[in-house]
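Report on the following structure.
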Amino acid sequence: MNKQPSQLAGVYAVTQPRPDLQEAVAAVLRGGVGIVQYRDKSEDADRRREEAGALCRLCEEYGALFLVNDDVDLAAAVAAHGVHLGRDDGAVVAARQQLGDTAWIGVSCYDDLDRARRLVAEGADYVAFGSIFPSPTKPESGLAPMELLRSGREATGCPTVAIGGIDAGNIHEVAAAGADAAAVVSALFAAEDPEAAARQLVAQWQRSR
């Protein structure tokens, strides 16, 4: 899949563990999600590799981007489209050397525009700011001003992703504020019907662009 900035757009699903994760990811893809990030902090490396490989193949079937959270080795092993790095997840330069020029490398920038500039200069392809709203997934996260979504793009020239507490009731706010994509966790993967939740989020996003 050739890397185009326009691919990094819309509703961006970040997984959380659940026993039927493959079925849930298939459901959100049917619902119109175009980006999936696999996030699993467990120590079961074999299960994570098997699960990530299956999800990568599933995303390929739907023409969606598949990224791995934190783990560059896992991203390389399953031929993911890229990796998302947090504060302590290793250097962008090292990830680029391992994954190659065609891989997507995203970075968490919290509320730090200087960090965004620095990591894009090192080779990151997109920057994520948040938590934009209070997050049920990471309640300890500080809040980032919504203005960063637009100023971050202007400062770096790269797509910006909003993350933190985003659901169907507020996704229109981050769309209107200039985010290229909205990362969603609980509103998709804690939903009783992930496909319906995805359709609602995608519709709200599209109405607000």
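Using the three backbone atoms N, Cα and C, a Cβ is placed for every residue, glycine included.
For Gln37, Tyr38, Arg39, Asp40, Lys41, Asn69, Ser108, Lys138, the entry in Swiss-Prot reads 4-amino-2-methyl-5-(diphosphooxymethyl)pyrimidine binding site. In sequence order, Val14, Thr15, Gln16, Asn69, Asp70, Val185 make up the list of same-chain residues 6 or more apart from Arg39 (4-amino-2-methyl-5-(diphosphooxymethyl)pyrimidine binding site) whose Cβ falls under 8 Å from its Cβ. Secondary structure at Arg39 (4-amino-2-methyl-5-(diphosphooxymethyl)pyrimidine binding site), as computed by DSSP, is coil.
For Asp70, Asp89, the entry in Swiss-Prot reads Mg(2+) binding site, with the evidence type sequence analysis. The Cβ of Asp70 (Mg(2+) binding site) has 19 other Cβ atoms within 10 Å, all protein chains considered.
Among Gln37, Tyr38, Arg39, Asp40, Lys41, Asn69, Ser108, Lys138, the residues given in the record as binding 4-amino-2-methyl-5-(diphosphooxymethyl)pyrimidine, the maximal Cα to Cα distance rounds to 16 Å. Fewest Cβ neighbours within 10 Å among the binding-site residues Lys41, Lys138: that distinction goes to Lys41. Proximity of Tyr38 (4-amino-2-methyl-5-(diphosphooxymethyl)pyrimidine binding site) to non-local residues of its own chain (separation of 6 or more, Cβ distance below 8 Å) is seen for Thr15, Glu51, Ala52, Leu55, Phe66, Leu67, Val68, Asn69, Ala80, given in sequence order.
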